[in-house]
Amino acid sequence: MTDTPARPRLRPLLTAVAVTLTMTLAAAAACGPDKDPAPRTVDEVLKQTSVYGKPKIRIGVAEDQPLMGKLVDGRFEGFDIEIARYLAESLGFNGDSRIDFVPLQTEDRENALLSGRVNLVVASYSMTPEREKEIDFVGPYFVTKQELLIRVADRAVVRNLSDLAQPGRETCVVGGSTGEREFTGRGLKVYPAATNRECLERLLAGKSNAFSTDETILAGYLSEHPKDLHVVDVPIGANERLGVGVSKQDPALRDLVAFFLRKSFDTGQKTDTSPWLAAYRRTLGPWLGEDVMQPPIDAPDLVDYDEKAPKG
Amino acid sequence: MTAAPPPGPARKRSPWRAGQGFWTVAVGVPAIFSVMRLWIEAGGELQTTLLLVANVGPVNLLAALFTTATRLVTMGLVTVFALGAVLSVSTAGTPRRPPLFARWFTLAPFWFLASVFGIALATWQIIYLPMLAVAAVAVFQRELAALDWSLPRRAATVAVLLVGYGWLVAPTVAEAWRTGELFALGMLVVPPVLALGVTGPLPGPLVRPLAALAQPGIAIVLVAAAVPVVMTPVLPMTVTTVSTASGVPEEVRGHVISTDDVSTVILQERGGVRYVDNDDIAARVLCPTDEELVRYRLRVRDVHVEDSLLGALGRRVRPFTPISAACRIPA
């Protein structure tokens, strides 16, 4: 690293070049904080959302779906509610005093988003191409399948969809839901109810022979009437992906929700504990068994304050 | 050669003056910095500055300064000593008085140089550590030369070091190339090459111009680098949730100056001092600030390039610091 006798003249020149380049590099490092384009941060995107600076965030939820979204003694409970609380807290709305839970009927969900009545919808909302024309979805945060709920007394009578095709038998579904389209498409007689609760009451009263919707919702009603009801595991349509509904007018909010869902997914993958897993194990887990979160699609790569934390 | 200055009283005084200058800077700059930071922290308001001076103890202030300004101080010292070493080697044997930085370098004991580089190694961002390696080679070139290794041994050692470094940073370099982060790429790749050529004397005609430019140049760079350090808060950022008569809690974002039995004094982020009744305080959380956000997504073996070795070690102890929702609330 010192002069070699063979090239005594070249060595000072080499030193001069090295010193000059080092000083240039050092000056650039000391003076120029904006060398490379900075990545988008969570705070930057949050400032672009419609909820930034608002005292409360309005989240559309179901109020009649046990285990998913239900109002119990003035407080909302369920898997969707837990997800909604996680998202609200991530967006800066800590505690129920900063969340307006807006009960929504199944058929009102798109309108509530389009009219700006709610900022988000977390209500067993199936991601369908038709709905995606009107609103944005973030997710899926859960993949569910459609099943049948019947009375225990009918276990021998209603074993599959063919049994429901018998004359005089009807299946109750919520009007406007994806289940309604599945059944009418197969030529089965359906009763389009306004709410899931109405379907449950018709089933318990013997007016309908079956009630079909997502397994998550059915698991909730099964948890309420374990001795009277039975779930028939029949293939009805494709798996449904539940997502969080966001207005197309608020792409920043969509990005943030996707980012935080992805963060929960990543945390669960690494540590076997995450907001999603905690919510699932407190609500659906005991009835549906172990499950894993699906990786949300199109989650943006944003920088947050925990970026330096070890990944491994 | 008859014009060479006689070794008399001037040569005796010059080391003393150089040492005096160095220690004046070493003690005076932190003190001035501390006062400047309090002034800026107070938003330029005299009364708020006085309130801060009255409540922020000198020990706390110096500890906060050490925490946030260590990088700047070590950067200045490393730069000065690296240039001093190069100038010292270049002017060795010449009759003229060595440049100022060369004299400072000559005066600095080995333990001091080693301490400066040790602190820099622990506290600098990892992305800048290759630059520290270049400076270390320049500063310790006499010690390296004193080893008197044969050329094959030297070449083998350099090869092993370069291969080891390449193994360490190769994935990071590839990622930087893929994402187009060219400055980061340059900071990782160029310095090891420069380290190979930074030793030895400069060409004679370059020494004096470099010495003349180095002092104001470093002063300008240090001032530029000092601005963000001076603006770094002295007190931690908190969000205090305060109960209000309307029932809707209010979040006060700012720095807690003091707390007594009756009230808590908060220097608000947007300006102004707020005295909050302790009975009205529902919660208080510690929040990060924008300055802590990273610019790069690059990691060297799972350590973020903008982290220091000390910081990375700390993150191994406490890997995750949850961010409270209250921190997202606008000021």
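Just so you know, glycine gets a Cβ as well, placed from its N, Cα and C.
If you check TrEMBL, you get these features:
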| type | residues | note |
| --- | --- | --- |
| TRANSMEM | B:21-40 | transmembrane segment |
| TRANSMEM | B:72-90 | transmembrane segment |
| TRANSMEM | B:110-139 | transmembrane segment |
| TRANSMEM | B:151-170 | transmembrane segment |
| TRANSMEM | B:182-203 | transmembrane segment |
| TRANSMEM | B:210-231 | transmembrane segment |
Which residues of the same chain, at least 6 past either end of the transmembrane segment (B:72-90), have a Cβ under 8 Å from a Cβ in it? 29-30, 98-99, 101-106, 108, 113, 116-117, 119-120, 123-124, 132, 134-135, 138-142, 198-202, 204, 207, 210-211, 214, 218, 221-222, 225-226, 229
Given a Cβ distance threshold of under 8 angstroms, which distant residues of the chain, six or more beyond its ends, lie next to the transmembrane segment (B:210-231)? 33, 36-37, 40, 68-69, 72, 75-76, 79-80, 83, 86-87, 99-102, 202, 291
Under 8 Å Cβ-Cβ from the transmembrane segment (B:182-203), and at least six residues away from its ends along the same chain, one finds 86-87, 89-90, 92, 127-128, 130-131, 133-134, 137-138, 141, 144-145, 158, 162, 165, 169, 172-173, 176, 210, 296, 298, 305
Under an 8 Å Cβ to Cβ limit, what residues of the same chain, 6 or more beyond the ends of the transmembrane segment (B:151-170), are close to it? 188, 192, 196, 300-301
